[in-house]
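Straight from TrEMBL, the features:
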BINDING   Lys129  ATP binding site
COMPBIAS  1-15  compositional bias 'Polar residues'
COMPBIAS  33-45  compositional bias 'Low complexity'
DOMAIN    96-357  domain 'Protein kinase'
DOMAIN    358-417  domain 'AGC-kinase C-terminal'
REGION    1-52  region 'Disordered'
REGION    377-399  region 'Disordered'
Amino acid sequence: MAAETIQGQSSTSYRPETDVPAESTRDIDTVNKKQQQHQQQPQKKSNAEKPNSLDLSLGLDLACPASRPETPQDILENRERIRQRLPAERLSIDDFDLLETVGTGTFARVWLARWAKRKEGQDGVYAIKILHKADVIKLKQVEHVRNEVRTLAAVSGHPFIISLISTFSDDQNLYMLLDYCPGGEVFTFLRRARCFSERTSQFYAAEIVLILEFLHEVHGVAYRDLKPENILLDAEGHLKLVDFGFAKQLWSRETYTLCGTPEYLAPEVIHNSGHGLAVDWWALGVLIYEFIVGQPPFWDQNPMRIYEQIVQGRLRFPVNMPPAVRDIVSQLCTTNPSERLGYIKGGAARVKQHPFFKDINWDDIYFRRTKGPIVPRVDSPTDTGNFEEYPDEPDSSLLTPYTKEMREKHDDMFADF
């Protein structure tokens, strides 16, 4: 990839043009079969991949270090405050007015919804992720769904992570009630702007560092799919990390599952040599590079060539890349995870001390004392203008039926809902 000189830029309070795609086509599922064909050795098995009773409960409670920090009180209070916005009674989809689709996936659809029983003066606006049970089972996504629920239940309340407010279910579907972020995806704004200024990139990277510090050091969770498509903007321009389907509590353990998005995979994931929390710091390095340059450092039309570039670890920088940016990306994208910034001794604190963040007041960032560098245009609590338009939901008669046999065999898997 040739080095390219690009001037960074940022914007304030605008809405991206509607022809910018809300989702990229980058997806590990599309290259898994090719990767398996190129695999020279049988895939290793690990005890870390075997489910156990603790790992499958709601919330995260695997054995953790005695020195693990407690969840900060402000996060616990924020979590409780969010959940008190709705009554404690059992919820039903009939309690909400579904207004518009703001996201779709292989087996899920995310709706902007409004609490039908809201009082005067309340906006009652939420996002509801609806997952069709039969499709979740057919596509073997039960563990991903349960992962997302139990992880979000544990980490909700953090200022830069989407909050899971409640879960419920009916005969056909699973429902996740979430905060609504009206700003849309960072991916959309990045493609519209082509690249971000160093200052904008620094601000977003700082918020991501605080997310990873919390996930890794308080909960031992590897996120494993950090990319612009999984980061939303709220109404004040702050980040919210979403989509925890690949998140896994590891602490110091390793796991062997190939998951994520090709451009952001760490070398140890591709080598199938076992990976841990360090993969998220690699992805942060890729993300900082993409923010400033406008494309990831490892890219090709052929995903297998992307893999080759990643394991070689050759970074090419534009000639005008500031030294501090070049250095932090190089330290985060170190092919040996034991030498990677963020994973080496000192953890996230070492990342915070890097010259790239020299002007950052970490308390100001954490407590959201200023608005973000890009404030999305939001005209009302139910504004969906920062999201793409999605096709109508398919007729329910076309959906895979959740049969009596499925219910008897699988319904206990959805007990958390």
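Using the three backbone atoms N, Cα and C, a Cβ is placed for every residue, glycine included.
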Query raised in the report: To what whole number does the mean pLDDT across the domain 'Protein kinase' (96-357) round?
Result: 95
Report task. Summarise the domain 'AGC-kinase C-terminal' (358-417) by DSSP state, stating how many residues are helix, strand and coil. Result -> 19 helix, 0 strand, 41 coil
Query - Cβ atoms near Lys129 (ATP binding site) (within 10 Å, other residues, all chains) - result: 21
